[in-house]
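Taken verbatim from TrEMBL:
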type: DOMAIN; residues: 1-157; note: domain 'Ig-like'
type: DOMAIN; residues: 171-252; note: domain 'Ig-like'
type: DOMAIN; residues: 262-346; note: domain 'Ig-like'
type: DOMAIN; residues: 352-431; note: domain 'Ig-like'
type: DOMAIN; residues: 433-519; note: domain 'Ig-like'
type: DOMAIN; residues: 533-631; note: domain 'Fibronectin type-III'
type: REGION; residues: 619-647; note: region 'Disordered'
type: DOMAIN; residues: 636-733; note: domain 'Fibronectin type-III'
type: DOMAIN; residues: 738-832; note: domain 'Fibronectin type-III'
type: DOMAIN; residues: 837-929; note: domain 'Fibronectin type-III'
Amino acid sequence: MEPGDLFIPVDSIEEEATLTCDAKGNPPPQYRWSLNGTLINLGLDRRSSLDRAQDVGLYQCMAFNTVGAILSRRASLQFAYNFQINILTNISIFPDLTYAWVFNEYPYFVQQDNRRFVSQQTGNLYISKVESSDVGNYTCVVMNSVTKGKVQSSPTSLILRTDGVMGEYEPKIEVNFPDNVSAAKGSTVTLECFALGNPVPEITWKRANGVPFPSKVKMKYSNAVLEIPSFQQDDTGGYECVAENKMGKNVATGKLAFYAKPQWIQTMKDTVLAIEERLYWECRANGKPKPSYSWLKNGQPLVSEDKIHVEEGVLSVSVLTLADAGMYQCVAENRHGVIYFAAELMVLASPPDFTGNVLRALLKAKAGTTVTLECKPQAYPMASILWKKGNLPIHTSDRLANVSKSDAGSYTCFARNRFGMSSTTGRLLVTDPTRITQGPSDMEIIVGESIVLPCQVSSDPVLDISFSWAFNGQLIAKDDGHFELVGGRTAGDLMIRNIQLYHAGKYICVVDTDVESLSAVAVLIVKARPPSPPAVVTVEEVTDSTAQLAWSPGRDNGSPISHYLIQTRTPFTVGWQRVNTVPEVIDGNTLTATVVDLNAWVEYEFRVLARNGVGVGEPSPVSVKTRTEDSVPDAAPGNVGGGGGSRSELVITWEPVPEELQNGESFGYIIAFRAFGDASWTHVATSAPGAARYVYKNDSISPFSPFHVKVGTYNSKGQGPFSPVVTIYSAEIEPSGMPAGVWARSVSASEIEVNWQALSFTPERVLGYEVVYWEDDTKPETMGKMRVPWNQTSATVSGLAGHTQYFLTVSAFNTAGTGPFLPAINVTTKKPPPAQPPLNVEWTLIGSHLSLYWEPVVAMESESEVMGYQLSYRRQRHKEVNTLTTSNSSAELSLPEDDEDYIIHIRTMSEGGLGPASDPIRVHQLSEFIIFSWSTHTVCAECS
């Protein structure tokens, strides 16, 4: 905040005046004041009131701290004087005065018109042609706008003479403007012109150059005052006032000149430079007359000397030192004003520092491009730069042109000046270019269809890839229901669902990677357009199975609406479903319909779609949720059955009725059952709508007794239907008999075959047999079970350990559980087959005859002896496998002559089963060639 000019009335009761100066800085600034260029010693001046003789003048503030100092604008302190009017016709004129005249008594002021005028230049009252109504007393009132003081003259009488008659005469201009008037830019200029005359003259104005007045110019008091607001350069020049009546005319002329205080058009900025660098600052201001310039450093004038050069608005300082730091001000001045602009110069001296500007730890670049490795340390003065790739110095700038894989590696920038050295390291990774392998193509499509625009790429696997799509120059939003980005890492295909006419236009797939951006363009043409959505759908009447709907039509979009479709949604449906209506087909001229076959006591929403020759349009807004009326249930539980459970129990099961078919509140089930042969039913009700099982327990129920069962429904409206009657059985008891004649044998290293005799008679039902096996009683984790049907008397247990003793037992089972087990028997599995597959397979193919030879496999002591070998072979492109066995380590095969590859495997055969297969042998038939192969390698020799 800078000090402002002050006017103090001399008779003011105030004993002090305040000039404000406020600056920001770090550390907080201190202040000094000067008066008319002389420093004020505030410590010595102990006065307690203003002194007109000592305190008037120009004040200037200096704000300073340890960084520097700046000066404020110069502010004036003046004393304003009141005055007295002594002679009405000879008023002393002061600035900032306004004049008015009172007619006869206050507050009746003289009203100015074409006859009467009060000049604000002279203070006089002028009457061009006196009339009898003008007779009276006149008092002049003068006001000082600074002191707010007001004085008035003694009254002066105007008397109308009767001793003669005033004749007509031409205008005589009594009030006019000076020949030359200077006005400040932006000020309001007022020119006065008033004339006496008989008849009363008419005042007009014009510019000497003939240019019309702009609209901002105003005429006041019957054109006696010309007012020009916001005075500008264009308003300068000659002005003429013309006073005219029938007796003649008179003219007053003068010129308006333009002046302007200085205003900045170019300033300097706070600057940070390194020691030994050069400072160049330039400031420019406009003004009229043209401003002159001077420069200050810390409030003291600067002149050209040694390394400092000052010329007009330019300041340059060469070979900066730390002592050159400080606050500088550019001063522009003309005779109408002076302005200041301040800036700070910081001079730095420091070693190189990469903080905040290190090389990127990993920079990826596409092969063939130009890479910039920015080495920009903060260093004062500027540092010299040295580059190394790995540990080897290289001669390069920050730019690597046309990079290749050989340019990849670790780069280090070393920076040094006279104050020290620093370095930064980063790694360059050169990647293969990305290519769009399949981009979108121009298409034509019909409204309502869906398409996928492909955008697939091949790229270097180290790159991160992102896909985006633009439609007609706008990025496609992810929350737009019509668009979905599909594909994996290398695909950004765009799916467009239910295409509308407004989807026509240009689609651009943009592929962005760490190192480049690619795009592919396609134009989509959408033909025709289905109808617009119908207006709001209302539900007018509802029953337990119907709803009366009404709607308003939407636009047909150039193709007449052929018919309407109605869809509904409930909490129990997935999405919207088509419903039955009356009429069955709703033509385009019908705007009401009844929806039928609805479920009772279900909350429905409805919407309507219109179809024309192009297709089906967008759906209408969704109707208000409406619940159908309730009714007795009309659905019975499904899949009624049962059985099982514990002794003396009858277990009844069913599928619950879905909530949407329960038709009302307080829904439940009625379970009815009776023993075979009984006439009467036992009824039980449950109020749990989700129940699916009921257990009736009674000690009188015989095991596995037949019952008739049915399940019905009810709700608050009444009882619904029963399911069909089914027969179920009460709980049975486990079998009491045991199978006989159990024996077992080891089939292989992993399988045991168990045999037994079926139960000849038992009072209980037998559903099948359960085989239990284990290694020994101390290894419960080895226990296993398997079950077979009642008509099967043998089972093969597989997945066993080789050469291991197993215990086995057999029992009968039914729904109540298993019966007693036979005493356990034990069997030991055979030794496992050799773990070593056939090796060193050699083969010979002559024509279609294939001979194979391999190294015999010798079994270990813990393995089964080799009994022979199995060969399996198939065509490479077929799944059908053929087998051949041999007791020797060789085999002969005859292959069809069809020029197709064969895959062959060889395994050992033993008591323990088949051993692991050899590596696959691939055989390819070549006409007129003999082929030898070992393992997976092939050697060809041409027959001579």
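Every residue, even glycine, has its Cβ placed from backbone N, Cα and C.
Using the rule of three or more Cβ pairs under 8 Å, pairs at least 6 apart in sequence, the domain 'Ig-like' (262-346) is not in contact with the domain 'Fibronectin type-III' (533-631). In the predicted model, the domain 'Ig-like' (171-252) shows an average pLDDT of 93. Sequence-distant residue pairs (6 or more apart) of the domain 'Fibronectin type-III' (533-631) and the domain 'Fibronectin type-III' (837-929) include fewer than 3 whose Cβ atoms are under 8 Å, leaving the two stretches without contact. Where the domain 'Ig-like' (1-157) meets the stretches 171-252, 433-519, 636-733, 837-929, the count of C-beta pairs under 8 angstroms peaks at 171-252. Taking H, G and I as helix, E and B as strand and the rest as coil, DSSP gives the domain 'Ig-like' (171-252) the counts 3 helix, 46 strand, 33 coil. Secondary structure of the domain 'Ig-like' (352-431) per DSSP (helix as H, G, I; strand as E, B; remaining residues coil): 3 helix, 44 strand, 33 coil.
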